Structure formats: C-alpha cells, structure tokens
Amino acid sequence: MGPLHQFLLLLITALSQALNTTVLQGMAGQSLRVSCTYDALKHWGRRKAWCRQLGEEGPCQRVVSTHGVWLLAFLKKRNGSTVIADDTLAGTVTITLKNLQAGDAGLYQCQSLRGREAEVLQKVLVEVLEDPLDDQDAGDLWVPEESSSFEGAQVEHSTSRNQETSFPPTSILLLLACVLLSKFLAASILWAVARGRQKPGTPVVRGLDCGQDAGHQLQILTGPGGT
C-alpha cells in the first residue's frame, strides 16, 4: 500500500468522524454486510430503506427497501446485487452488498420511512479494495482504528464469507403469533355462529318432550280415579 493510499484512508477516516459516518471496507468481487441499529419502539411499524447519496449535498437515491407489509419485513428483498432484511423486534436492519465492484464505493444511508418522510438512521461510507490477495496491506487497514487521533471513527474490513443468515427468529415468532391469533379468532367466531343456530330449536324440542311426559303422567294419575 503506497503512502498516497494511506494518506487518503486517513483523510476519509477523519472525514467520517466529522460526519458521524461508519466506514466499511470490502474486497472487489466479494460481499459486504452492513448492519444499522435503531430504536425498535420509536420506529415501530416503519419500513426501512438503503439509499446512495449523490454528491455531498445531493439527494439520496433509493437502492432497495424492505417489504411493503411491515410484519413481513424480515423477508429478504433484493434489487440487483443488494439485499435488505429488517429484524423489527431487535431493531436491526441488515444490508448485504454482493459481488462488490469499484462502482459500488460511495456514501450510503440507512433510512426509516414514514409516509413520504425519511429519517436517517446511519450513514455508511463503502470502500472497495482492489487487491484481495495482499494480506499484508489488508492488515494495515486497521491502523486508523487503533490511532488515538481518530478514536471515534468506525472502520471495518469485510471478507468473502457466506454472511447470509437465516430469517431473524424474533420476527418469525411475531409472525407466528399473529397467525395463531387469527386462527383462534376465526375458530371462536365459527363456534359462536354454530351455537347461535342451535339455540332457537333447543327449547322447542325440550318443551314438547316435557309436555308429552306431563300429559302421560296426568293420564296415569287420573286413570284409576275415573274408573
């Protein structure tokens, strides 16, 4: 790694500290995983999105967003090589950038959507490294994180591992609870309707049976007296 590259890396780290931005680095051709945490209660019922900021003051162009039905936010949504999934109970939205290319480098945002408004959860600066075989240089990338001058910056390095995880268990439990609750309510309604249809006929049958029994008993009691 040349001195110019190291200087640029230090400059980017200092800039990210000033902008409260997380720096993530990944190798070209491999995958990079981004996790944005948020307040689960504050952002309850809101969709999440991953967008790319165009320029320093430009708009943020949306890349991918979570499922339109909030209860299904744990399902993975894909747009090209970018995948997003949201664990709404844990308060973590995960974005996976597959097959990183040099053009994927840039400034991104994790957003919480509320109608037409978008609240920034986290800013992420993605760096794509061109030489995945140079382990010596890759190890040197951790120097800015250990430096006391840039203590507040967050720099991470990603390798090509199968980082796709299964569906978040908390969201699955929530979905199963809703399904079971809906089935219970449906069964209760059917039982109430069936019982309501039986009620009108029941007293009539019982009344006729009681009347016949009473008449039969009356004939038996008055029979000996009349003869």
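Including glycine, each Cβ sits where the backbone N, Cα and C put it.
Taken straight from Swiss-Prot:
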type: SIGNAL; residues: 1-18; note: signal peptide
type: TOPO_DOM; residues: 19-171; note: topological domain 'Extracellular'
type: CARBOHYD; residues: Asn20; note: N-linked glycosylation site
type: DOMAIN; residues: 29-112; note: domain 'Ig-like V-type'
type: CARBOHYD; residues: Asn79; note: N-linked glycosylation site
type: TRANSMEM; residues: 172-192; note: transmembrane segment
type: TOPO_DOM; residues: 193-227; note: topological domain 'Cytoplasmic'
In whole Å, note down how far the CA of Asn20 (N-linked glycosylation site) lies from the CA of Asn79 (N-linked glycosylation site).
27
What is the average pLDDT across the topological domain 'Extracellular' (19-171)?
80
Let's see if you can do this one: DSSP helix, strand and coil counts over the domain 'Ig-like V-type' (29-112), in that order.
6 helix, 41 strand, 37 coil
